[in-house]
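K.L.:
Can you read through this structure? Questions will come right after.
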Amino acid sequence: MMNERVNKVALIGAGFVGSSYAFALINQGITDELVIIDVNREKAMGDVMDLNHGKAFAPHPVKTSYGTYEDCKDADIVCICAGANQKPGETRLELVEKNLAIFKSIVGEVMASGFDGIFLVATNPVDILTYATWTFSGLPKERVIGSGTTLDSARFRYMLSEYFGAAPQNVHAHIIGEHGDTELPVWSHANIGGVPVQQLLEKHAAYKQDELDQIVDDVKNAAYHIIEKKGATYYGVAMSLARITKAILRNENSILTVSTYLDGQYGVNDVFIGVPAVVNRNGIAGVTELELNETEQAQFSRSANVLKDILAPHFAE
């Protein structure tokens, strides 16, 4: 028993997303140990107490505690959910100035602890802040992962499942690019239970392209609609973070549309962006390069360029 590996996750930021992520980790029994770190010590301690009180109902006993940056030293994953929130009407990219300063401090503190694991970034604009985390940390690019378009792809699969009357698990479709306004659907590879969506459109008059275009629009604007109604989005992204965490800790080699570094794939260099990638215990094991059609490739290149334009003033090559 003494030689058994203990999985440890350090969560930085016990706001809506962070506390929902902690709740998901415990309810799914994904990790053995969870330490919660927040500038608001009382909030983090309250979360720990609340979560521990439900431990009898969890599938796996997760040791949950309040901690400091020093506790990151032996963590397998440090998940960063801290940062300024997106306000109504504010785009994810408008958050960049505020959150870059916050991240420089956080990542510096984590690395000073001796941390040598995997960073998982959730804070928006996630593609920019994942790049920042990689730069500030000095870790290999494979060990810095952003939530990317995992949630966007899940939203897409859910909406397509409702439209076509199939379980989301049987809908295979990706949203790639920036987690934001320039993201795009990969229709050329979308299928329902193995049947290409394009084929379903051709064979069934009930299915219409303009209705599918509306689904894409709904996916892109989902966060804005939720923020209008309840002030923030957190359950969906927390579940996507839990899914990525599970893929890492259980060495799954699962393909997820995370924000990862591109070094020539899809004709793009030096940017973190949402694409399908193999995720395992080492972080990113490889990028899955879909063969995009001409329209998709142009849209993806534009998305990457939008991110690079935002990075340029802050990170000189």
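Glycine is no exception: its Cβ is also placed from the backbone N, Cα and C atoms.
When I checked Swiss-Prot for this same protein, it listed these features:
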- H179: active site, proton acceptor (ACT_SITE)
- V17, D38, K43, Y69, G83, A84, S105, A122, T123, N124, S147: NAD(+) binding site (BINDING)
- Q86, R92, N124, P125, V126, D127, D152, S153, A154, R155, T233: substrate binding site (BINDING)
- R157, H172: beta-D-fructose 1,6-bisphosphate binding site (BINDING)
- Y224: phosphotyrosine (MOD_RES)
K.L.:
What's the CA-CA gap between Q86 (substrate binding site) and Y224 (phosphotyrosine) in angstrom, rounded?
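P.N.:
Q86 (substrate binding site) and Y224 (phosphotyrosine) have their Cα atoms 9 Å apart.
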K.L.:
Taking Cα atoms as reference points, rank the recorded positions N124, A154, R157, Y224 by distance from V17 (NAD(+) binding site) and give the first.
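P.N.:
So, spelling it out, the nearest of the recorded positions is N124.
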K.L.:
Quick one: which of these recorded positions, K43, T123, S147, R157, H172, H179, have their CA within 10 A of T233 (substrate binding site)?
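P.N.:
Close recorded positions: none.
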K.L.:
Quick one: what's DSSP say for G83 (NAD(+) binding site), helix, strand or coil?
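P.N.:
Looking at the DSSP assignment, G83 (NAD(+) binding site) belongs to neither helix nor strand, so coil.
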K.L.:
Highest Cβ count within 10 Å among the binding-site residues Q86, S147: which residue is it?
P.N.:
S147
K.L.:
Since the record lists V17, V126, A154 as binding-site residues, which of them has the fewest other Cβ atoms within 10 Å of its Cβ?
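P.N.:
Looking at the binding-site residues V17, V126, A154, the Cβ with the fewest others within 10 Å is that of A154.
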K.L.:
Distance check, please: Cα of S105 (NAD(+) binding site) against Cα of V126 (substrate binding site), rounded to an integer number of angstrom.
P.N.:
17
K.L.:
Check the DSSP secondary structure of N124 (substrate binding site), expressed as helix, strand or coil.
P.N.:
coil
K.L.:
Rounded to a whole number, how many Å is the Cα of A154 (substrate binding site) away from the Cα of T123 (NAD(+) binding site)?
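P.N.:
For A154 (substrate binding site) versus T123 (NAD(+) binding site), the Cα atoms are 18 Å apart.
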